[in-house]
Structure formats: structure tokens, C-alpha cells
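S.K.: I'd like to ask you about the structure that follows.
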Amino acid sequence: MHNLVINDLPEEGLPTALFEPSELIDFKIAWDWQRKWQEKLLAEPSNKQAVWMLEHFDCYTLGRGASEDNLLFDVEKPPIDFYRIDRGGDVTHHLPGQLVVYLVLDLRRYKTDLDWYLRQLENVLLDVLDGLGLNGYRINGMTGVWCNGKKVASIGISCRRWITQHGIALNVDCDLLGFNQIVPCGLKDYQTGRLNSWLPKLQMKEVRFLMKKSLNKRFGLLWI
């Protein structure tokens, strides 16, 4: 059992706009938010960075260069909304009960290295699981985070002149049935998991708190 105390977040760091809509958000809307903020940062590098923490309506997204062989449904008649997008990675599923974190960051303020950025996002997820008393881990040569033999978090990003988009998706208390319609991330030999399989009383607000805390730690973000 986890025993998390939600207290105050750190009060130092780079001022960063944090958006946490309480309602479910259509994927296209969230994607548009990111693109507009990215344009602002490209136009004026001194602008604030931005992070969104939200949950989506059911949808599938297919990253650039991904294989349609990993879609186990008729592409012409998808069972739910389906989007081809500009992030890296293969196909994934977004749905209620999954915490999605989108980051529009200027990597010139950190390190202009996409592999470093991906590993930092994994570190954020590992921090969150550790804060819940779970043993998360990476698998060499793959991107994402696993727990007890199951992949619980996916990462997919895009970057334009070192300004990022997209981010991470962490399965908290979502229905996993929709993952049966795809080969998640193109990985045939791995099962998909969710955190409340091991922590039945886990609440999304706890995960959000730990996510904000770790993003402050790993990227020095001060929430405004």
C-alpha cells in the first residue's frame, strides 16, 4: 500500500504555464494548443514554456513512420477516433483514466539532445512510480516505463528547432480493452498495464501531484 502525503510543491524554477483541465479533452484540441504554444516560443524564445496534464476521450494515434500492421482494425472504419500525427513512436491508445502530459519546452534551456530528453521523461515517470511505492524500470533499446512485466507508460515526442511537443501517457485506472485493437507501440511481446492493478485505491490527484513534483525536479519548472 502506498502512503502519499500531498504537500506544497517547490517554489523555485523556470516560470511555466500549467494547464489542468478537469474535463475530458478531444485530442485535436490538445494538439492545437501545443502547436500554437510552440509557435509562440519559436517567434519569441523568451516566452514561457507550457505543460498540459489531462485525460482524453477514447482515440488512437499513429506516429510518423509507424506501421499500419500494428492496427488490428480496418483503417477505413476505425472503432474510435483515429489520428495520424507528427510525433515519433508507433500506435498508442488514449482514453479516460490515463494521465497524458504534453510539454512544450525549449531544449536550448536544457540540452539540445533528444535522447537526453527522452531519458529525462522516463526519469519523470520512474520518479512518479517510486513515489507510489512501485518499482518502475526501463528496458534497454526501448522507450517507456514498465512495472511488474507490463508497460504502463508510453512516450512520443516531436521537436521543431528544439521546441518540443507531445510527451507521455501513463495508465492509471483506465480500461485496457481498447489496447487489444492495436499492437501498442509496435511491441508484440509485451503486455500493457495500469497502476491501479497494484494500487486499487490510487487516485488521479496523487499521480498528478507526483508528476508536477518530478517535472520540477527534472526540468526545474515552476508552476504558474
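Residue positions begin at 1 at the first shown residue.
Including glycine, each Cβ sits where the backbone N, Cα and C put it.
In case it helps, Swiss-Prot gives these features for our protein:
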DOMAIN    45-223  domain 'BPL/LPL catalytic'
BINDING   ARG87, GLY88, GLY89, ASP90, VAL91, THR92, HIS93, HIS94, SER154, ILE155, GLY156, GLY167, ILE168, ALA169  substrate binding site
SITE      LYS151  site 'Lowers pKa of active site Cys'
ACT_SITE  CYS185  active site, acyl-thioester intermediate
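Describe the structural surroundings of these features, if you would.
M.R.: In the three-state DSSP classification, GLY89 (substrate binding site) falls within coil.
Here the Cβ of LYS151 (site 'Lowers pKa of active site Cys') has 20 other Cβ atoms within 10 Å, regardless of which shown protein chain they belong to.
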S.K.: For the C-alpha pair, I'd like the distance in angstrom between GLY89 (substrate binding site) and LYS151 (site 'Lowers pKa of active site Cys'), rounded off.
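M.R.: Here the two Cα atoms lie 15 Å apart.
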S.K.: Tell me the coarse DSSP state (helix, strand, coil) of GLY156 (substrate binding site).
M.R.: strand
S.K.: Quick check for the class: what is the C-alpha distance, in angstrom and rounded, between VAL91 (substrate binding site) and LYS151 (site 'Lowers pKa of active site Cys')?
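M.R.: The separation of the Cα atoms works out to 14 Å.
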